[in-house]
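Chemist: Take a look at the following structure, please.
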Amino acid sequence: MTHVAFIGLGNMGAPMAENLLKAGYTLSAHDLNEVAVRRLVELGGRAASSAYDAATGADIVITMLPNDAIVNAIYQGSGGLIERLAHRPLLIDSSTIAPETARTLSGAAKAKGYAMLDAPVSGGPKGAREGTLSFMVGGDLEAFADAEPVLRAMGHAIFHAGHSGAGQVAKICNNMLAAILMAGTAEALALGVGNGLDPAALSDIFKRSSGNNFMLDRWNPWPGVIEDAPASNAFQGGFQTRLMLKDLGLALANAQVRDASVPLGALVRNLFSLHAAAAQENGLQDFSSIQRFYAPSLNHQA
């Protein structure tokens, strides 16, 4: 059976790794969070003392890490996997990082004889738990074909976006659009409710009209409209505002490099930044909590 090393067991990585175990893969896992590692050991995985320990002997290495700096530290430099490993596993980075970083990493890996893919995901913790993530993959087609079976153990929509870095471009474009849709949905709901409309009834009207969108239908930001949405759980779970801000920052940085105009992207980043700065907990809540920016009365609800 294919041996997978999984490095990074956060809100996304841990359930992704669990699904690999359920699919029958041999798994070595590393994270600084010992509780997360212990959970995987209970399910049949092996605890690794370091990223290098996890990757040694693995056929595939998957990383799901918070930012560019940590991804670079894992893969590059004298202590990085690219330099230290004696064999050449397929490298898959599912972190959300700058496309330029992904391209640089892929080039460094290729120079040492590795195949490397950038494969960020969409679907949130719920999609990670249910194995219904979407993967946006950048890199060589042959490596993509090799990676597809293991990705299908964690997701149901696997897209080859193009060359190295293309997966990251697709991800930051998708998340910029998601943020715009969420802010627009929250704004429209706040206006309607402020005029006395019921938020659930108004949402039903939107869903059957031209205002329908994924955020309204699956991630409704008004508390109580969708029972299992983060908004109905005090905006806990889901995708944290601080992470959305990070991704919007990546999108704007890429737009600057490409001399692209993204006025709505810039505006929505400012909105989420104002929201995050308004209260310490806002950055840690799901990004649908932007609804409270438009409807301050929700701040006083339990």
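Numbering starts at 1 and runs along the chain as it is shown here.
Glycine is no exception: its Cβ is also placed from the backbone N, Cα and C atoms.
Residues annotated as domain '6-phosphogluconate dehydrogenase NADP-binding' in TrEMBL: 4-162. Under the heading domain '3-hydroxyisobutyrate dehydrogenase-like NAD-binding', TrEMBL lists 165-293. Per TrEMBL, active site is recorded for K171.
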Chemist: Over the span of the domain '3-hydroxyisobutyrate dehydrogenase-like NAD-binding' (165-293), count residues by DSSP class, listing helix, strand and coil in order.
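Modeler: Its residues fall into 93 helix, 2 strand, 34 coil.
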Chemist: Give the number of CB atoms, excluding that of K171 (active site) itself, located within 10 Å of its CB.
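Modeler: Cβ-Cβ neighbours of K171 (active site) within 10 Å number 29.
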